[in-house]
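Below: one structure, written as structure tokens.
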């Protein structure tokens, strides 16, 4: 691909020039208010630069094409299945050499309570707490539980913690035959870990090996990372500390959503809360070239107005605020590489730039992120547009999540776009849309939960995509 195709007007043109506009015939310049005429003396290369914007086209190779085909075909033959194994990822062949952690190293290198790690504290769970019933006992025979209290408390943990611990136990037996995983501490009801600890919520475990061989602990920490723990710390020579996200936030890994009160701009110029959007509404989106365009909402990948959810909230210097689930893809402008990419929301940092709509000109321009915070709110809405993108609260974002490739995710939803097109051709559907007895938003109101196709894609992603391509 010609390198000029990937160049960006606001990076290559003078700083006063902007070419992201809903009206492609206009060129806005602070030095001149005149319009660019078709016969103006603009070199062909400059015209080409002005026609192409921001979004770096990644030509899919053979592997990407094969994965896209699998994403298209496998969901159509999807059927539910039950497994006797401890969880996802069990029994996989190790694909690369693993290196042990060093003392005091943590993965990820973030604070434990950030959304990119195990997430915020939700409060201690006591035996008389309503949340106590959410803790599950772990009777895995491949795990030794020290249980110093003699109450069985160390066997209690969150569902996600149990799943990851069982995967780790299997890995330990494969790595060191005859050695088992030792859990020294899990859920703690005696408050022996300071004021703030995920042990009080059943979301943390302190582990070692049954032979107490400290030379193994660096690799044990690495195996815990591979097992899927959200935060792992080689905190001491005597043990490893691991923690996970809360079970209530697991849905943020299944899908990507916005809050219902976030707004989208309709084609008529009216802002509408996402919770009130209807299938068929045309909302402001962004093309693959980075141009603003209005696109039809064809379905809701998730819609649940009563679900509590953890979100990442991004604040920009211009005053835009986007609230989105951690695994959602958001457009990020990379000035050092002069390209526009899509990044998981919980990996966006302060001083990075996102695309924000200018209210006066309608253009999409980079705006610096000045604050990133974790919040908890009620309700999730995930509209899917035909373009696969949507501008929410003036910030350009993807409609997709979990997979770190916008183009591959868009390929995966191609059957739904085709189905929507075929349905639009049916006369009966046109009659239903025009009838007052069948309001246009009835299908959205009936949906409560994840769309069946999106759920099918989530279930197969672990088998067709490398771990590095997924949000874990």
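Backbone N, Cα and C atoms are what each Cβ position is placed from, and that goes for glycine too.
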Record-annotated Ca(2+) 2 site (Swiss-Prot): member among 122, 149, 226, 261 besides 185, 188, 190
149
Cβ atoms other than its own within 10 Å of the Cβ of residue 149 (Ca(2+) 1 binding site), all chains, total 13
Nearest of the recorded positions (149, 154, 256, 302) to residue 188 (Ca(2+) 2 binding site), judged by Cα-Cα distance:
154
C-alpha spacing of residue 149 (Ca(2+) 1 binding site) relative to residue 190 (Ca(2+) 2 binding site), in angstrom:
9
Going by DSSP, give the three-state secondary structure for residue 190 (Ca(2+) 2 binding site).
coil
Among 154, 185, 188, 190, 302, the one of these recorded positions whose Cβ has the fewest neighbouring Cβ atoms within 10 Å
190
CB neighbours of residue 256 (cholesterol glycine ester) within 10 A?
30
For residue 256 (cholesterol glycine ester), the spatially nearest of the recorded positions 149, 154, 185, 302, using Cα atoms, is 302
